[in-house]
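Data block below; observations after.
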Amino acid sequence: MEGIIIKGIGGFYYIKTDEGIIECKARGKFRYNSLKPMVGDRVTIKVENGKGVIEDIHERSSELIRPTVANVTQAFVVFAIKNPDINLDLLNRFLTLCEYNDIHAVVCLNKEDLCTEEEKENLKELINDIGYEVLFINAKEGKGFDALKERLEHNITVLCGPSGAGKSTLLNAFIDREHMETGSVSEKIGRGKHTTRHSELIDVDNGYLVDTPGFTTLDVTFIDRDSLKYCFPEFNDYNNLCKFNGCNHYKEPKCAVKEAVEEGKINKLRYEFYIKTLEEIINRRGN
């Protein structure tokens with residue numbers, strides 16, 4: 001029997017299967033192989049004498065550390081438009097981490113009622129130009145909720161963003177609506193409002209939402225200096241057009257990315273953020 005781990009606590013794992021949620025323990029072989037089951041893992045289980053056992057952990061497509069979740073495919077990067085104002089460097093940092101982890105990012109701009117249509121259009125154009133979809137939402141009023149739900153299907157989605165952006169409000173709105181639609185809360189896993197410290201997957205419209213914020217640490221200096229450029233999708237059309245193989249678009253001559261910046265084809269502020277991050281990596285790692 002196959003399923004997905006939606007919660008793990010105290011050595012027990014709760015597996016969502018076609019036959020319902022089954023409480024399992026892991027085989028001892030995983031400890032010997034230093035492989036610990038994670039929320040989000042797709043697994044093969046066996047029920048013996050009424051007790052479930054995890055027999056196999058399927059290959060992971062991704063693995064986050066904070067929160068500890070496997071196979072995340074999508075991130076809702078939640079920022080407030082106002083109160084506080086958008087910090088573009090911080091937004092870029094979240095987007096860089098999403099790209100590094102091969103996670104599709106959707107930028108969700110909350111408190112959309114606090115800005116003009118012109119301001120929204122300018123922000124949308126800015127973010128679209130660097131390769132990301134933008135959704136305008138109002139987490140308290142539920143505006144934009146249906147558009148978010150559409151994007152949850154067939155994904156494991158994590159919410160990330162700075163404090164005060166509305167992540168908890170949005171998350172609790174998803175949890176409350178899911179409870180109303182299903183009519184009950186699973187007593188076995190004890191799901192309630194967003195109070196648990198243990199990561200859990202919320203089943204929403206043929207997809208899953210991680211109930212703890214993603215990327216709670218924003219350090220990017222672990223990224224290899226030669227890999228950073230691949231975290232900027234707007235560089236993709238130019239990476240192979242530079243004179244030198246392996247060009248990092250830094251101090252190298254005849255660089256196609258730098259030329260694209262000068263021609264206005266790549267956003268100058270994004271490129272400056274890239275250089276600042278690259279120098280941070282070089283200075284931190286001494287290479």
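Numbering starts at 1 and runs along the chain as displayed.
Backbone N, Cα and C atoms are what each Cβ position is placed from, and that goes for glycine too.
As the structure is a computational prediction, the values presented were derived from the model and not from experiment.
Feature annotation from Swiss-Prot assigns domain 'CP-type G' to 61-218; the stated evidence is sequence analysis.
As annotated by Swiss-Prot, GTP binding site applies to ASN110, LYS111, GLU112, ASP113, GLY161, PRO162, SER163, GLY164, ALA165, GLY166, LYS167, SER168, THR169. In the three-state DSSP assignment, the secondary structure recorded for SER163 (GTP binding site) is coil.
Counting only same-chain residues six or more apart in sequence, the Cβ atoms lying under 8 angstroms from the Cβ of HIS249 (Zn(2+) binding site) belong to LYS229, PHE235, CYS242, CYS255, VAL257, LYS258, TYR271, TYR274. Residues annotated as Zn(2+) binding site in Swiss-Prot: CYS242, CYS247, HIS249, CYS255.
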I'd like the number of other C-beta atoms within 10 A of the C-beta of CYS242 (Zn(2+) binding site), please. 19
Suppose we draw a 10 Å sphere around the Cβ of GLU112 (GTP binding site). How many other Cβ atoms does it contain, all chains included? 22
Distance from CYS247 (Zn(2+) binding site) back to GLU112 (GTP binding site), taken between C-alpha atoms, in Å: 40
Inside 10 Å of the Cβ of SER163 (GTP binding site), count up the other Cβ atoms and send me the figure. 8
